[in-house]
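Now, the feature entries from TrEMBL:
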DOMAIN    4-186  domain 'Tr-type G'
BINDING   D16, H17, G18, K19, S20, T21, N133, K134, V135, D136  GTP binding site
Amino acid sequence: MQTKNIRNFSIIAHIDHGKSTLADRLIENTGTLSQREMEAQVLDSMDLERERGITIKAQTVRLNYKAKNGETYELNLIDTPGHVDFTYEVSRSLAACEGALLVVDATQGVEAQTLANVYMALEHDLEIIPVINKVDLPSADPEKVKKEIEDVIGLDASDAILASAKTGIGIEDILEAIVERIPAPHGDDDKPLKALIFDSYFDAYKGVIAHVRLMDGKMKKGTKLKMMATGKVFDVTEVGCFRPAPVEVSELASGDVGYVAGSLKNVRDVRVGDTITTEENPTPEPLPGYRGVTPMVYCGLYPVDSADYDSLKDALEKLQLNDAALVFEAETSLALGFGFRCGFLGLLHMDVIQERLEREYKLKLITTAPSVIYHVHKTDGTMIAIDNPAKLPTPQEIDFMEEPFVKATVIVPNDYVGAVMQVSQDKRGEYKSMDYLDVNRVMLTYHIPLSEIIYDYFDILKSTTRGYASLDYELADYQPAKLVKLDILLNGEPVDALSTIVFADHAAYRGRQLAAKLKEIIPKQMFEIPIQAAVGSKIIARENVRAFRKDVLAKCYGGDISRKRKLLEKQKEGKKRMKAVGSVEIPQEAFMAVLKIH
Ligand code: GDP
Ligand code: MG
């Protein structure tokens, strides 16, 4: 295909505005897949993605489109993950494009992630085509949304396309606009190879496969290539494109989007954002913007049955083959035994990994409460990064601590500004700015601890604004904060896996709430179980789980043996996700109880 007939584009949108549905329509309309092959949301291929309706891994598909001018075009649709956890991946996908469809829900208007995505697209100088989706709905107000796009984003929306990804309205117009308005890539086949990696995955047969956008040069089977950031050198065994299944081609040239497979066994060698060149005739400069991935959220993962430790390790290794952002290392807990400390990009990422371990690898796990990374400056002048509250040095060893803050952007209708301010203040947010998007919507920005976002900031925000608030955030910096470790003692014994790091002024309240919550969660046993919350040696709250009045089994004493067995079985069932800590059975819920305190 001649470069002038190639178009590389993404679809950007706030969650639920219809990105995946539109992608399906484009695939269908260009006849890339037959009706029989079409399954709703082709691009969201992982089961989990379909169930949750979100895109976790980006996918790419090449569409062939015969335009009204009679020419055939190659349209490469590069999907982007739709969640703040994956902002960097989104930015790399956009860097592989010349244009983007900006999808805005005609009944909702511009939301926080719409803005975040548009800003990113503008940073990459992309041609943006506004698409106002869901115009089939009775409550659609395309004129209002157009005005919002103009006023808030500053984009000309006069030729925005009115569409319904559901009913097919406007799809033809969108395809024509892609051809007419998005520039063809400009690269030079004769220059040294310069290709951007915007995704990678592990294939059991072909090894690691990198998704690439060629800026200059060519690549084909047999060439010796080099990753500029990792320095890894490899032989190309296959190049191809996505339809959407990978299909081998003889060569990829400048402007093309496709994949390259080679003698690579580890996704860590194939970093998103890295530049590929040839070893023989390398490009002098890599593409800008490369960044290593850094996990933001950590938690402990422990098998309920300690015999599953090796299976858990295998499963994590397998998942890591496809996920360079997942990190883990062995850790032991006095309470939970042998397990792993795992790092994730964010809470969604953590949830997804946990769910995949349970579903795909049939593991029963205990997950400890997520924690951010704290910077602990010690009195001896050294600084350590702590990803596990149990590892916090004693107060005597600590000079001061810092925690990560984010810049949070919240968009809400006017009426809820007060509510947003209250929640943000309660969560230690520092007010930064407020802008009117139109007469009845406002954008607020706050500087707020990441740990509060992880806890329940968004849940509370949603509930106090009746679901109207939309949130986006990005890591800002580390700031000193008065923090302490809140410990929980059961039967007088500290349970390391229940320790959390909390803001000092909130410690007493959180301690009381947590003890009360644990009292509800921990099942009664034959003996009384005292629950204590402590900061250092000071006990700040105390509750008791009372003992059973009667032995459950006493009922069947001397009686029906099968009934007794059933009762025991039922108890066992209930214990599935419990861990015996000393003589106390602790259910999974208890480890997450700290997240449930407001
Ligand atoms: P994404 O999160 O941006 O990928 O959004 P989806 O494509 O998953 O769509 C979110 C929801 O909106 C789904 O229930 C879709 O069926 C629905 N939807 C998408 N496009 C339209 C549309 O044009 N009209 C209507 N009525 N619903 C739509
Ligand atoms: Mg989607």
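Just so it is clear, glycine is given a Cβ too, placed from its N, Cα and C backbone atoms.
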Taking S20, N133 as the binding-site residues to compare, which has the smallest set of other Cβ atoms within 10 Å?
S20
Looking only at D16, G18, the binding-site residues on record, which one has the least crowded Cβ, with the fewest other Cβ atoms within 10 Å?
D16
Around V135 (GTP binding site), how many other CB atoms lie within 10 A of its CB?
22
Which binding-site residues from the list D16, G18, S20, N133, V135 come close to ligand 2, meaning a Cβ under 6 Å from one of its atoms?
S20
When you look at D16, H17, G18, K19, S20, T21, N133, K134, V135, D136, which the record names as binding GTP, what is the longest CA to CA distance in angstrom?
17
Which binding-site residues of D16, G18, S20, N133, V135 contact ligand 1 in the sense of C-beta under 6 Å?
D16, G18, S20, N133
According to DSSP, S20 (GTP binding site) sits in helix
